[in-house]
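So that you can see what the record holds, here are the features copied from Swiss-Prot:
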- Cys143, Cys146, Cys156, Cys159: Zn(2+) binding site (BINDING)
- Thr349: ATP binding site (BINDING)
- 11-21: motif ''HIGH' region' (MOTIF)
- 346-350: motif ''KMSKS' region' (MOTIF)
Amino acid sequence: MARILITSALPYINGIKHLGNLVGSQLPADLYARYNRGRGHEVMFLCATDEHGTPAELAAAKAGKPVADYCAEMHAVQADIAKRFGLSFDHYGRSSSPQNHALTQHFAGKLEEAGLITEVSEKQVYSNADGRFLPDRYIEGTCPNCGFEKARGDQCEECTKQLDPTDLINPRSAISGSTDLEVRETKHLFLRQSAMRDQLDQWIDSKTDWPVLTTSIAKKWLHDGDGLQDRGITRDLDWGIAVKKGDADWPGMEGKVFYVWFDAPIEYIAAAGEWAEAHGKTDADWERWWRTDKGADDVKYVQFMGKDNVPFHTLSFPATLLGSGEPWKMVDHLKSFNYLNYDGGQFSTSQGRGVFMDQALEILPADYWRWWLLSHAPESSDSEFTWENFQQSVNKDLADVLGNFVSRITKFCRSKFGEEVPDGGTWGEQEQTLIEELSTRIGAFERHMEAMEVRKSAQELRAIWVAGNEYLQSAAPWSVFKEDPERAAGQVRLGLNLIRLYAVLSAPFIPDASDRLFAALGTEDRSWPEDVAAALAALPAGHAFTVPEVLFAKITDEQREEWQERFAGGRSA
């Protein structure tokens, strides 16, 4: 039995996430967690809400709530939606937890001891009207390059030119619109990533099985231009983790907090501490997952994220762990995803364009979405959600292939043999051929799942469903029954056992449907089919079952058109 630690990129606290966010991290991480649990491995699957930074403060202000209250409320909302989507976290934590405060301050102290933190004076824009320093992207003005009037202080979205806030013509606060801005000097702490460039380079080179997408992004940041730059790890904000060296104050850093991208990945570790506390466990129970001197040396650690998060997870977070000089578990495999686009454009939170997780569950159960998203995961390139493709995939794969097989075999058995597994008949050449095909395909399915090849895994699972349909079509027990009821009984018994096999293999993708199949079959035998022939005899003659309700309803053209119009844009923020 292996021990597998899985983390998913933390969803930001300011609002409900769309399906593009879901498929880029949490959903494939859940797929991998469920698969490994199904294989009998010990899994720790952690995630949390990312709660610090300017956007959280602004979202709270817009909602008219104290930021701590807003974050607590939105954490509960996101946790509930995650649960309803079947995301099987062992713990869903919060980056604002006491554990993350203590651990972030601990790491900062260790990095300072190692000489990897330096203090830098820099000039930043201060808004007198807002009473705060403004991050670059909260300053708007006219682009000096192309004249676009809503360029941000870090980049013009129109011409893509990189900018500094002082480059903008007629700059104003994006929060209040005020032009009462001034440049003030402020001091911040920087993590000396440049001093660790060679160490990080060697570490990334050792990861020979990482996706090209992941390593190419990391290498670009390491070597392009002037190479890996030092990174500011503090901010002038009220909400966040106070800057300290462990338990001690940090002179000159009073009133400042750690930058959200410094503390957020540390929450992966802190979430394990939260898990231990929530379950009445000891520090040793979570440290065996994260400290290689306390039992984590045999752990396989896998991270899931969108490609925009790769630089922080391949460079900044490893720099924090390696730089601390302590024996923390480093990531073994980093699975990154491209973007999911929406119906000819992009998902847009601000414009309400696309389907958000809460809305998705209002119109269809989670399994419909899980299947489409995972079978179309944006792995080697960006992929696109269209309503036509969604309808086609649900209707063909889920309703026609899997659902139809379950319905046909259970209803036929009920009509000819009653609601129990029939006795009689032996396997012949057709059955042996099916067993050989399934053995080959399940082996391929396992290899794809272990390699985290999400789309290929879904394709192989669908082919396994198709094999059962093709067997049923060629065996034709409804015809055989007229001449040889015994042989038909053997075919039906195999078909009913195929349903159990499908429930086991499909559980990581469509867990609710899988549970319904187990319930209909009256079994909790979820054992993995190491031996396909034995798996197809798991339900013995005389075992009672019930015919399940329709497993997946087809999506009508009218529904598709209605939803396409509804989610074209205009969601109220």
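Note that Cβ sites are derived from N, Cα and C of the backbone, with glycine treated the same way.
Here the structure is a predicted model, which means the values were calculated and not measured.
Features as recorded by Swiss-Prot, highlighted on the structure.
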{"residue": "Cys143", "record": "Zn(2+) binding site", "DSSP class": "coil"}
{"residue": "Cys156", "record": "Zn(2+) binding site", "DSSP class": "coil"}
{"residue": "Thr349", "record": "ATP binding site", "DSSP class": "coil"}
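Ranked by how many other Cβ atoms sit within 10 Å of their Cβ, the binding-site residues Cys143, Cys146 place Cys146 at the bottom. Close to the recorded Zn(2+) site, the chain also has Pro144, Asn145, Gly147, Phe148, Ala151, Glu157, Glu158, Thr160, Lys161: residues not among Cys143, Cys146, Cys156, Cys159 whose Cβ is within 8 Å of the site's Cβ mean position. If one looks beyond the motif ''HIGH' region' (11-21) by at least 6 residues along the same chain, the residues whose Cβ comes under 8 Å of a Cβ in the stretch are 47, 49-51, 55-56, 58-59, 70-71, 74-75, 77-78, 81, 306, 339-342, 347, 349, 354-358, 360, 369, 373, 385, 573. A simple way to gauge crowding: the CB of Thr349 (ATP binding site) has 18 other CB atoms within 10 angstroms, across all the protein chains here. The binding-site residues Cys156, Cys159 differ in how many other CB atoms lie within 10 Å of their CB, and the one with the most is Cys156. The binding-site residues recorded for this entry are Cys146, Cys156, Cys159, and the Cα of Cys156 lies nearest to that of the residue listed as 'ATP binding site'.
Looking at the motif ''HIGH' region' (11-21) alone, the prediction's average pLDDT is 94.
In the motif ''HIGH' region' (11-21), helix, strand and coil residues by DSSP number 3 helix, 2 strand, 6 coil.
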